[in-house]
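Report on the following structure.
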Amino acid sequence: MKHKSGSTKSNEDILIVDDTPDNLRLLSAMLTKKGYEVRKALNGRAAIASAQADTPDLILLDIKMPEMEGYEVCQHLKADPKTRDIPVIFISALDDVMDKVRAFASGGIDYVTKPFQEAEVLARIENQLKIQRLQKKLIQQNEELARSNRELEQFASVVSHDLQQPLQGITGFAKIMAIKYQNSLDETALDYLNRIFESGGRMQRLIQDLLTYAQVGTPNQTFELIDCNLILEQVRENLQTAIAEKYAKLDYDFLPKVIGNETQLIQLFQNLISNAIKFTNPEKSPEIKILAVPQNFKWCFEIHDNGIGIDTENLGRIFEAFHRVHSAKEFPGTGIGLATCKKIIENHQGEIWVKSELNVGTTFYFTLPIEKQG
Ligand code: ADP
């Protein structure tokens, strides 16, 4: 679209293709009067050449022309990536039998009939140009959004990496001081050193979680056939201390194979299962049940727990980064785990949702691509 002074209409460029000079003149006068820029072509070949040299915003294309019919011209335009997106409105004579199906099948989006009703022709053109404008804006905004997401991910990843080193220096020296000067420091000084050490540990976890979050969806990830039973074995091993401390029961039957990224799937199950172990009453041992059922050509996984549950008010927000329902003192954490799960699932073209009842338990559901048959 060739805008000049911010006006949406003034410079839109329309190519009229008609083998009758009188029609060309009539349409051209009508459109020029309305502020459009107009180009003319007397046959299909000239029209294709003109559109390829400089793409117009819209083409008005006569169906009945010698040499090359309008349908054929349209097919040519739609086959070329350069001219594919130009909206084509067909022109047909009222007394001709117009093959509407063929007109739409060849890529046309609308048609006007001769003799022309000026208001109707203008309304149909303006309609299509408006759709075109909105589409272009949407594409632009999508590209902008994708770019800004990429930048944000890069930023988070660089910041996380660069924060780790100085932090290790702080916690490392606090530890050395506490050990080396154990006998010369009083209780308060040792307590302060301990707090530095603990705060450093919390920050370390936060950085690590942010790094994991930022890395989901970065390019060059391998997607392959993954056996979820093996993923669960790995997760059970990674969480063995928490499982043993809380006497947690982890129950799953035979789980399916899915198409996915191994590291991310371990992360996903580990986040959900460690939450199921963590968010329980101290007097209750966690009982976690995992199953998968086929649903609409995907596997739908369910992770049930018998924990403290989540109130309805917070249920809609728990997948937001940093949103925590329970206090960090009571249940330590960073609030990035579920946001990472959501990102991982979206990266696998799936969905994730949750149902919960206070003091009864919570179930997380998510879908993953099914293994292709044959
Ligand atoms: P974190 O576990 O680090 O706090 P998450 O993003 O994993 O962060 O979870 C966000 C919040 O959702 C948690 O702080 C907790 O309040 C709630 N939550 C998550 N899983 C459960 C669960 N299984 N039962 C009860 N609450 C949960």
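Please read every residue number as a count from 1 along the shown chain.
Placed from the backbone N, Cα and C atoms, the Cβ positions cover glycine too.
Whatever TrEMBL says is automated annotation, not expert-curated.
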Quick check on the annotations: TrEMBL lists coiled coil for one of 2-31, 122-151. Which range is it?
122-151
For Asp62 (4-aspartylphosphate), the number of other Cβ atoms found within 10 Å of its own Cβ
26
Please report, as numbers and ranges, the same-chain residues at least 6 past the borders of the coiled coil (122-151) whose CB is under 8 Å from any CB of it.
1, 8-9, 12, 14, 30-31, 34, 36, 57-58, 60, 87, 89, 109-110, 112
